[in-house]
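Student: Okay, handing you the structure first.
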Amino acid sequence: MKLPIFIADAFTARAFRGDPAAVCLLENELDEDMHQKIAREMNLSETAFIRKLHPTDNFAQSSCFGLRWFTPASEVPLCGHATLASAAVLFHKIKNMTSMLTFVTLSGELRARRAEDGIILDFPLYPAHPQDFHEVEDLIKTAIGNTLVQDICYSPDTRKLLIRLSDVYDRSFLENLKVNTENLLQVENTGKVKGLILTLKGEPGGQTQAFDFYSRYFAPWVAVAEDPVTGSAHAVLSSYWSQHLGKKEMHAFQCSRRGGELGISLRPDGRVDITGSAAVVLEGTLTV
């Protein structure tokens with residue numbers, strides 16, 4: 001069997017930045033275990049599988065598809081950058097002419113629509129609630145040592161722990177912070193936490209571009225030590241920072257080595273629009 005496959009760098013307009021995701025187009029149903037084997041072979045933080053929902057569907061003309069995401073270790077319920085990569089492949093490489101795509105996923109229907117400055121993802125907005133420090137003290141100390149922490153919240157919907165670093169730190173500190181992910185699986189093995197968000201309040205622009213907040217994201221529980229740019233984490237971050245900054249429109253930067261920018265707009269219906277660009281850097285055929 002031969003499958004069309006692509007790699008797209010998401011949340012960037014330039015190759016070799018942002019977050020790379022593999023995108024596989026499925027004309028027919030794939031054996032269940034083959035999804036995981038392909039994701040392991042691609043060895044990226046996520047591999048997306050776009051499937052037709054009806055035999056008469058066409059990747060170039062239809063507007064609604066099934067979408068699943070796999071890390072090298074397991075299937076995940078939501079992945080922003082691989083959704084953006086999937087939309088970019090359909091819009092820019094397959095030349096799908098619809099103005100909006102709908103993806104049927106484990107997290108419900110997600111929509112991606114064209115915009116002048118990229119692609120807009122319509123995502124759920126997940127609240128984060130205050131978390132008692134002592135319950136997660138070992139996890140925090142293991143990950144970031146004695147780094148000063150200003151706030152801790154937990155998102156039960158996504159099982160992500162959000163740690164806001166002290167406002168005394170700047171972007172450079174977050175970028176250079178050494179985070180110990182190797183021992184997190186031993187410290188947190190209850191299943192409560194599946195992802196760790198570190199975040200920091202933004203700074204005035206000055207000579208550099210202004211961002212409302214910065215972040216990094218770690219998910220060793222699903223075999224992703226650090227994810228370069230994470231749309232699903234921003235479905236939590238958007239809720240948190242909107243409350244603390246009193247803003248509905250925000251500009252975010254994820255401070256991984258590759259780095260990526262996200263535009264954020266909270267909607268009246270309780271969801272969030274996340275805007276980003278994507279660069280398709282590889283296209284080929286996978287033989288299985």
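Each residue, glycine too, has its Cβ placed from N, Cα and C.
These came from Swiss-Prot, pasted as-is:
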ACT_SITE  E46  active site
Student: Around the C-beta of the residue listed as 'active site', how many further C-beta atoms are within 10 angstroms, looking at every protein chain?
Tutor: 29
Student: According to DSSP, does the residue listed as 'active site' sit in a helix, a strand, or coil?
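Tutor: DSSP assigns the residue listed as 'active site' to coil.
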